[in-house]
Amino acid sequence: MEQSDKASGRTVEEAAAPSPSAAENEVLIPKSDRPTYELARPVFFVGFMVAGKTSVSRRLARSCGVASVDLDGFIERREGKPINQMFVEIGEDGFRAMETAALDEFAEKDPMLISCGGGIVLRPENREILKSKGFVVYLQVTAEQAYERIGDVSTRPNFRDLPTARKTIQARLPMYEDVADVMVDTVGKNIPTVAREVRRALEREGVLCQRR
């Protein structure tokens with residue numbers, strides 16, 4: 001049975017479906033009266049679409065008082081258009097080039113929680129940035145679970161149907177596992193539960209430390 005949470009009892013499925021608003025696409029620096037923490041290095045969240053990367057990273061950012069950013073949202077805000085429109089206008093290669101530039105930009109900033117798009121691992125240069133410049137959290141989801149979580153597939157350029165999703169996940173799986181420092185299964189868990197698991201892993205690895 002899923003654990004409930006008064007602040008956010010949503011499952012990963014419920015939290016992953018909505019698209020973030022423009023205001024939410026900025027770097028979030030939460031204010032908190034709780035003891036604040038700091039990151040020893042950037043933390044990258046990777047995984048297939050709707051794995052809950054953005055929701056989990058924001059939840060963790062609020063509870064620990066650290067900054068977070070959604071990479072896809074940042075690119076959409078900067079370009080003033082949704083990703084599916086960019087795919088049409090400049091192609092996937094054009095979008096991936098912008099994605100690499102944004103990833104490298106945030107990897108060089110003060111450490112924060114960075115939620116990456118599902119295809120971030122496709123480029124070798126991206127995998128090198130992820131592995132060499134930060135700590136990588138891989139949130140796991142199956143194609144069937146992803147299909148259930150997605151409301152409107154028209155907003156997902158690489159998700160036309162379930163067979164396509166299975167093929168895409170299977171192709172990316174070795175790359176996700178290659179860059180991952182920790183893997184967290186999201187099946188049947190709500191956002192607070194997944195965030196707690198990630199937090200414990202970050203503390204255990206010395207990536208998340210209480211500010212002195």
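Cβ coordinates are placed from backbone N, Cα and C, and glycine is handled just like the others.
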Checking 1-29, 117-145 against TrEMBL, the stretch recorded as region 'Disordered' is 1-29
According to TrEMBL, ASP72, ARG96, GLY118 bind substrate, and the residue from ARG166, ARG172, ARG196 that belongs to that same site is ARG172
Cα-Cα, LYS53 (ATP binding site) versus ASP72 (substrate binding site), nearest Å, comes out at 11
If you rank the binding-site residues GLY52, GLY118 by how many other Cβ atoms lie within 10 Å of their Cβ, the lowest count goes to GLY118
Same-chain residues at least 6 apart in sequence with Cβ under 8 Å of the Cβ of ASP72 (substrate binding site), in sequence order, are ILE83, SER115, CYS116, GLY117
Sequence-ordered list of residues in the chain of ARG96 (substrate binding site) that lie 6 or more positions away and have a Cβ within less than 8 Å of its Cβ, or none, is GLY119, LEU122, ARG123
Whole-number Å distance separating the Cα atoms of GLY52 (ATP binding site) and ARG172 (substrate binding site) is 17
Spacing of the two Cα atoms, GLY118 (substrate binding site) and THR54 (ATP binding site), in whole angstrom, works out to 11
